[in-house]
Amino acid sequence: MALRFPRFSQGLAQDPTTRRIWFGIATAHDFESHDDITEERLYQNIFASHFGQLAIIFLWTSGNLFHVAWQGNFETWVQDPLHVRPIAHAIWDPHFGQPAVEAFTRGGALGPVNIAYSGVYQWWYTIGLRTNEDLYTGALFLLFLSAISLIGGWLHLQPKWKPRVSWFKNAESRLNHHLSGLFGVSSLAWTGHLVHVAIPASRGEYVRWNNFLNVLPHPQGLGPLFTGQWNLYAQNPDSSSHLFGTSQGSGTAILTLLGGFHPQTQSLWLTDIAHHHLAIAILFLIAGHMYRTNFGIGHSIKDLLEAHIPPGGRLGRGHKGLYDTINNSIHFQLGLALASLGVITSLVAQHMYSLPAYAFIAQDFTTQAALYTHHQYIAGFIMTGAFAHGAIFFIRDYNPEQNEDNVLARMLDHKEAIISHLSWASLFLGFHTLGLYVHNDVMLAFGTPEKQILIEPIFAQWIQSAHGKTSYGFDVLLSSTNGPAFNAGRSIWLPGWLNAINENSNSLFLTIGPGDFLVHHAIALGLHTTTLILVKGALDARGSKLMPDKKDFGYSFPCDGPGRGGTCDISAWDAFYLAVFWMLNTIGWVTFYWHWKHITLWQGNVSQFNESSTYLMGWLRDYLWLNSSQLINGYNPFGMNSLSVWAWMFLFGHLVWATGFMFLISWRGYWQELIETLAWAHERTPLANLIRWKDKPVALSIVQARLVGLAHFSVGYIFTYAAFLIASTSGKFG
């Protein structure tokens, strides 16, 4: 008999129904559950797949460079970044009539094109690329790296080159290499690129392979480094009248601590960025030599964990047993990695707009909005994934004997307290925030807006003042003009910071009021509720009050009727599933808040946000409805415009989102009935009945239907908001 899909599970391959296909797809990447899997093969498969992942990433970035070089207008954009619209790629569509061709021919192009809202133009410009040839060179290099990665993945699956399990479990060596190699050396290399290529380019000097060995990045070369006069590298920075990309007003400094923004580009000083990366490189190069390997120097992580006795014995046996628990569980390690990466991705979203690193990106409002929203959604999915794998760790890898009375076991012992406190915080935030919003709504509806409950966020304003924002009138720390911190700040460190924080043209420490106070607490409600669901799902993964014996049921068992006491919605997967809705909900509020506040800031009418954001009707009417007018107007009696594609996507996003409910609000019997009816009709229809299938069609399982529903809900939700965000922002600001 020929091998049927899935080859990794012979039991599933013999299933006579369509379940074979769906379960096969669902478990294709769950290597642990495959036939004949060994620990060694498991680690080797995952290791090899990392090379494939890298190959895809390099291929994708290569494609970005290639398409912009081929179909974009990079060289024209470089001449005038503020007024030329950057082109992502051409559009070839045989359906386009003349009005469509005219609507999408922009940015000086000869035919229809897409505008780039990804910020790649600003990024490439900042790091010193100037010509299409530079872009092609980068694309070819990344294509080469992609090929090398694929070869590496293939190579490490060959018997001679397969690493052993002991190699994968050598935590100290891996940590040393990742800290000093991945972070240290790459940061040092990036500092080198900034100093040798990007900073000269920002001063009008074109450094390439043919001349980089004879162009000194600093007039005194390496002299100051070897004589210990490092401060010379910070002297004579670019002046405030510097024109980026030219020598006009430029200096010679390469490593500075200026603070604030370049007045023309509104982005961080390149010399500050280089300094930052050099500092990071040194820190991580040192950190990468801290752990004991073959050389007998440095710390053993296991010794560190075992030696730590918590004060007063309040944490039981502390960290004993944790080293082996973590080192033998790839789910625990993945959970930690995803949690860290999720937080970092959200921080990227926050810092890309408040401290823009790329020249002129702060003046490209649509790109700013798109990048913020993109990174927040990515962060949400990564963070929920961290808890999913935390739950799988408890089910598959957690050994109570190994972890007796240590911090992990004690988390499980008092999980009721953790869950109930989170529940209490969520309820408090939800009822109070909604109560304030609804009260204010009613006051507006009754024509007495002066009776709203408006709370000034005085603690947050005090924190902003401590960082140097003077408009609130708090006389504290950096906003206290006669304090030592203020005086030191003028000269020693970051002299440009105080100018930047008090300038109202950027997004640093935006002025906040009662509307911000309310939406902040709405977001806090979303964060706490999402966390509650995720934490409960992970801590109850092995067993809960209703069902103490979940271990053998696995991660995603379905509803199993009243026979076993009713198992509906109590698998770890069900918690993850519910949490994703709350995560999307929360990020919706976050992005609504960010976008509305910035639209009013960019348009110069901040009072609209301040006055309308204190009640729900204000959000619905003055943010959502008012800004969707561009989308509703994509097609009208006068033909079409360049927003019509977003208008279509807005509708299509709603359709995908609504389709999700078809899967979410249904039951298995209905699906089976529907499929039987369709199969019956197919078999009795001439011509159609020539096509037969061997697998008997069966309904999706409850878990599968929920997954399909969740996928449609998520994709539709994000599609809809993406279209709204890009159309409403680009429609206003071009």
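Cβ atoms are placed via backbone N, Cα and C, with glycine included.
Values in this document were obtained by computation on a predicted structure and should not be read as measured data.
Between the listed ranges 100-124, 175-199, Swiss-Prot ties the annotation transmembrane segment to 175-199. Secondary structure at C559 ([4Fe-4S] cluster binding site), as computed by DSSP, is coil. The separation of M662 (chlorophyll a B3 binding site) from H654 (chlorophyll a B1 binding site), Cα to Cα, is 13 Å.
By the count of Cβ pairs under 8 Å, the stretch nearest in packing to the transmembrane segment (135-158) among 46-69, 175-199, 330-353, 369-395 is 46-69.
By the count of Cβ pairs under 8 Å, the stretch nearest in packing to the transmembrane segment (707-727) among 46-69, 273-291, 369-395, 417-439, 517-535 is 369-395. Across the structure, C568 ([4Fe-4S] cluster binding site) and Y670 (chlorophyll a B3 binding site) place their CA atoms 18 angstrom apart.
Sequence-distant contacts of the transmembrane segment (517-535) (same chain, at least 6 residues past either end, Cβ-Cβ under 8 Å): 384, 387, 418-419, 422-423, 425-426, 429-430, 432-433, 436-437, 455-457, 460, 575-576, 578-579, 582-583, 585-586, 589-590, 593, 613-614.
Note: the Cα of W671 (phylloquinone binding site) and the Cα of M662 (chlorophyll a B3 binding site) are spaced 10 Å from each other.
Most Cβ neighbours within 10 Å among the binding-site residues Y670, W671: this distinction goes to W671.
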